[in-house]
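Quick notes on the structure that follows.
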Amino acid sequence: MENVSSHKHFILDGFSELGALRPVLFLPFFIMYIVSLSANSLLLYVVISQTSLHSPMCILMAGMAFVDLSLPLFFVPNMLLSFLFDWRGISLTGCLIQMHFIHFIGTFQSTLLVWMALDRYFAICTPLYYNEHMAIPKFLKFIIPLVVRNVLLVTLFVSLARTLSFCAGNVMNHCFCEHMALVELACGSTAINNLLGLLTVFLIPVADFIVITASYVVIFSSVFKSGRSGVKALHTCITHIVVITVSLTTALVAFLSYRIRNGLPAAIRVFTSTMYLLFPSCFNPIIYGIRTAEIRQHILKTLTCWFPTLKRPL
């Protein structure tokens, strides 16, 4: 098929099944978007402004807040406008750019959890050498390989998607440019694209999950052997276990709903894929703010400074 027949403009037709009720989706997604922006901005501000929170773990939490703050910016505003004004069009170049940023930033949701698990491993299993292990020069050996991995894999599968000819159709049943949603519209063989997509899933979220699981198995074993003090230290891990469980569950549901053909309505598949990106951005900062005592105290102090009426009893 010649390149002249390839579509250069696409329609993002997510939730089209709702028809005239589609604009109703603006309100719940707008509320989630505001919660995500507000909660992550507040968490970032508190960690940056308070020198007592400049510990490695709090800096990693701030990194997660930055990822959760950035990710919705690349698709939620456009999605909200499409709900209100029915603006569904996007160029192939715009689609590929959006795809690259969404998938690239999204990879760091699991990668940051790996770094957090390593932080807990060093803090609990080798406390005497914690500062040495978490010093930037030594910790870079855990940072650089994972960043390079994320950059190479995402850039590779987006670049391969760019070479496809899209002559089968130009309507994506999605609210943003997701890799497999675009590849499904291609004519000709897409075996390499599918294989690379699967490889990326295995080498990033699955590999990260294996490392995280191994770290926490060792941590739990060390805690149960160390006795009472170890059990107290284990409390610091619960927050990350909750976040890991929620993040991986939403990722698995979104991945399986797209890869495995089933009787799910298209709207459910679109909803799970959208929530996979948006829900953790709302959930993570709230969990970190509630379960991390130092951050919670500074957040309450900051809020009472901004809103003095909160000090007054009702």
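Keep in mind that glycine also has a Cβ here, set from the backbone N, Cα and C atoms.
On a predicted model such as this, the values are computed, not experimentally measured, just so you know.
The transmembrane segment annotation in TrEMBL covers 25-47 (among others).
According to TrEMBL, the domain 'G-protein coupled receptors family 1 profile' annotation covers 39-288. Mean model confidence of the domain 'G-protein coupled receptors family 1 profile' (39-288) amounts to 86 (pLDDT, 0 to 100 scale).
Taken from TrEMBL, the feature transmembrane segment applies to 59-85 (among others). Residues 12, 14, 22-23, 25-26, 29-30, 33, 36-37, 40-41, 43-44, 47-48, 98, 101-102, 105-106, 108-109, 112-113, 115-116, 119, 175-176, 274, 277-278, 280-281, 284-285, 288, 292, 295 of the same chain lie 6 or more positions beyond the ends of the transmembrane segment (59-85) yet place their CB under 8 Å from a CB of it.
For 97-118 (among others), the entry in TrEMBL reads transmembrane segment. Counting only same-chain residues 6+ beyond the ends of the transmembrane segment (97-118), those with a CB under 8 A from a CB of the stretch are 57, 60-61, 63-64, 67-68, 70-71, 74-75, 78, 90, 139, 142-143, 146-147, 150-151, 153-155, 157-158, 161, 176-179, 182, 204-205, 208-209, 211-212, 215-216, 240, 243-244, 247-248, 251, 277, 280.
Sequence annotations record features per position, and here TrEMBL assigns transmembrane segment to 139-161 (among others).
Residues or ranges marked as transmembrane segment in TrEMBL: 202-224 (among others). Residues 107, 110-111, 113-114, 117-118, 120-121, 124-125, 149-150, 153, 230-231, 233-234, 237, 241, 244, 248, 251 of the same chain lie 6+ residues outside the transmembrane segment (202-224) yet bring a C-beta within less than 8 angstroms of a C-beta in it.
Annotation comment: TrEMBL describes 236-260 (among others) as transmembrane segment.
Annotation comment: TrEMBL describes 266-290 (among others) as transmembrane segment. Within its own chain, the transmembrane segment (266-290) has Cβ neighbours under 8 Å at 14-15, 17-18, 29, 32-33, 35-36, 39-40, 42-43, 61, 64-65, 68-69, 71-72, 75-76, 79, 102, 106, 109, 173-176, 178, 239, 242-243, 246-247, 250-251, 253-254, 257-258, 296, 299, counting only residues six or more beyond its boundaries.
Within its own chain, the transmembrane segment (139-161) has Cβ neighbours under 8 Å at 56, 96, 99-100, 103-104, 107-108, 111, 114-115, 118, 133, 179, 182-183, 192-193, 196-197, 199-200, 203-204, counting only residues six or more beyond its boundaries.
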